[in-house]
Amino acid sequence: MLCIGIETSCDETGLALVRDGRLVHAVMSSQADIHALFGGVVPEIASREHYRLIGPLYDLLLREAGVGPTELDAVAVARGPGLLGSLLVGMAFAKGLALGFDIPLVGVNHLHAHLLAAGLERELVFPALGLLVSGGHTHIYRIESPVSFRLLGRTLDDAAGEAYDKVAKMLRLPYPGGRILDQQGRRGIADPRLFPRPYTDNDNLDFSFSGLKTAVQTHLSRHPELVPSPDAAQAVAGGHDAPEGLRNMCASFNEAVAETLCIKLGRALDGDDGVGVRALIVAGGVAANSYVREHTARLAVSRGLELIVPSPPLCTDNGSMIAYAGWLLRQGGLSHSLDLEAVPRGRAIPDDYRQGPAGCS
């Protein structure tokens, strides 16, 4: 079965082909340079860029893969959560393919696709505890199978990735700034007393990183010399060493985020939801962060769990994960009608699949 996947939930336009669970080819266009001019994603610009790019990328994908459009057996598309205008562009294109070639349409939960992405590189193990950590979401799931996810904890305000971007903005670093903060932190020494582990003094599995962001802001107001000049910030973004104090602050911030994530994961593993768990899956853009990878690896080893983390290219938004998730859903005979609706961030995605014969096209 050959499934095409379409990802347009935010500012990356990604398309990919997965045949029988293996990646055939993928193409991607990022809008990061455009939105960097505004310090963050501008929804109207994002949707217009998706509209401009999606057709040419589709043609490029098929041409480079040596695949004809009539060979497609299914079309999978990110239905949410995400920016509504961006999602609608991908949804409209996917529906056109489904209608034009009379193939099944599969709406994919963008967050679930992130957690399944590593299946393109290795065998997934279930039941698993899943941590989805990205710019818009920081969620913990218990995952029984590729089609069975139960949300245990979620972002209440600022997600981890959003905190990275806002701290980078405070330091005059370009969007997206997470990679730069990770890089500079590696050259510094963390002070565990500098920043709090936010929203951990409770017994739940939810996250709130607004307090950490405020703590960084307060620290910078007391130490304005840590904020680089525009020219110095540009040099830091280019890979030059920041001053020692700033490198140490970056290290402390990275440690605070990673430890907070692991505190909540450990709590989940200690509770009823951790019974029988065999693996820890970590995914999303922030899963590429070296501190998050190291801390979750130590947690997995201490609990005797397999750690499953996709390679960095599969951590960011991409069409490959949508195509793979769509292929998995079709293996279970699941699809949607052409009435499928996009679901913006903040709304629950309904379980409204249609059941048909497994693996059919």
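Just so you know, glycine gets a Cβ as well, placed from its N, Cα and C.
What Swiss-Prot annotates here:
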- HIS110, HIS114, ASP317: Fe cation binding site (BINDING)
- LEU132, VAL133, SER134, GLY135, GLY136, ASP165, GLY178, ASP182, ASN289: substrate binding site (BINDING)
ASP317 (Fe cation binding site) versus binding-site residues GLY136, GLY178, ASN289 - nearest by Cα: GLY136
Conformational class of ASN289 (substrate binding site) under the three-state DSSP mapping: coil
Cβ within 8 Å of the mean position of the Cβ atoms of HIS110, HIS114, ASP317: remaining residues of the chain near Fe cation: GLU7, SER9, ALA78, LEU111, ALA113, SER134, GLY284, ASN318, MET321, ILE322
Distance [Cα-Cα, Å, rounded] between GLY178 (substrate binding site) and HIS114 (Fe cation binding site): 18
From LEU132, GLY136, ASN289: binding-site residues whose CA lies within 10 A of HIS114 (Fe cation binding site): LEU132
Pairwise Cα distance for HIS110 (Fe cation binding site)/LEU132 (substrate binding site) [Å, integer]: 11
Where GLY178 (substrate binding site) falls in three-state DSSP terms: helix
Residue with minimal Cβ packing [other Cβ atoms within 10 Å] among the binding-site residues SER134, ASN289: SER134
